[in-house]
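Note sheet for the following structure.
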């Protein structure tokens with residue numbers, strides 16, 4: 001403890017920790033934002049309409065800022081449960097580094113700014129789509145679904161699946177079947193990803209009173225549904241090959257990754273003991289991160305190769 005902190009305690013006063021730039025960055029959920037930005041970038045790059053690089057860069061910044069604003073609003077509302085969970089109790093609001101009102105204002109300013117800039121400089125369709133995504137994540141998922149149903153991340157997961165459609169809308173001013181397929185891949189990926197996490201974090205969620213699938217339906221039902229959604233996800237990931245969005249490289253690569261993902265999900269489903277379940281849940285969770293990045297990365301690589309071949 002610092003000298004000033006000791007004097008404050010001695011005088012019967014506690015000095016709240018000072019906030020820093022890193023605390024405000026933490027409010028943005030940078031790890032989540034990085035996935036949002038990457039999938040949005042892929043949606044933008046694989047769309048059939050070219051865009052000025054500077055406008056594309058500005059659009060991605062808007063999506064990142066909007067995603068960060070939504071993350072801050074999520075932390076503002078979830079401050080009570082974040083303080084209970086081991087995984088989240090060191091976030092800025094539970095630690096007292098940023099007050100809830102400041103977090104709320106920060107999140108609202110970023111959210112509104114991102115939408116206004118997107119509409120003013122890119123197009124209003126993409127801006128309204130971004131606004132709807134922020135609303136869906138904060139209101140539909142965080143405020144409404146998260147604390148009342150084990151299907152929270154199934155329905156609420158749509159908010160995390162919208163970014164590639166926003167990226168697509170940036171260049172085209174519309175949505176299409178191909179952009180919807182990108183949405184479906186992430187939408188089906190979300191349950192296996194988060195339910196695997198909830199299997200080895202079930203005590204944390206239980207302490208916070210969040211009705212995640214393992215706490216409500218049990219381990220076996222959760223593992224079975226992880227396998228079910230994994231198969232659906234892999235099928236959705238092959239669909240771009242039939243529309244022309246994905247080529248031979250993407251088709252082979254995504255299929256191999258999909259088989260590996262199904263293998264992990266199957267091993268998790270067949271796990272006989274709790275310890276084995278936890279081990280396989282962790283492996284499935286971490287592979288899911290690699291899978292989504294690799295599948296979207298393959299689409300991006302193919303798009304860039306086609307671009308340079310056509311030059």
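For all residues, glycine too, the Cβ spot is worked out from N, Cα and C.
Remember, it's a predicted structure, so these values are computed and weren't measured experimentally.
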Pick from 83-103, 104-124: which range does Swiss-Prot record as transmembrane segment?
104-124
Top stretch among 125-145, 153-173, 224-244, 245-265, 285-305 for CB pairs under 8 A with the transmembrane segment (180-200)?
153-173
Where, among 32-52, 53-73, 153-173, 224-244, 245-265, do we find the most CB pairs under 8 A to the transmembrane segment (104-124)?
53-73
With pairs restricted to those 6 or more apart in sequence, evaluate whether the transmembrane segment (153-173) and the transmembrane segment (32-52) have 3+ C-beta pairs under 8 Å.
yes
Please give the sequence-distant neighbours of the transmembrane segment (32-52): residues at least 6 beyond its ends with Cβ less than 8 Å from one of its Cβ atoms.
59-60, 63-64, 67-68, 71, 160, 163-168, 170-172, 178-179, 182, 186, 245, 292-293, 296-297, 299-300, 302-304
Sequence-remote contacts (6 or more beyond its ends) of the transmembrane segment (245-265), Cβ cut-off under 8 Å?
46, 178, 181, 192, 226-227, 230-231, 233-234, 237-238, 280, 283-284, 287-288, 291, 294-295, 298-299, 301-302, 306
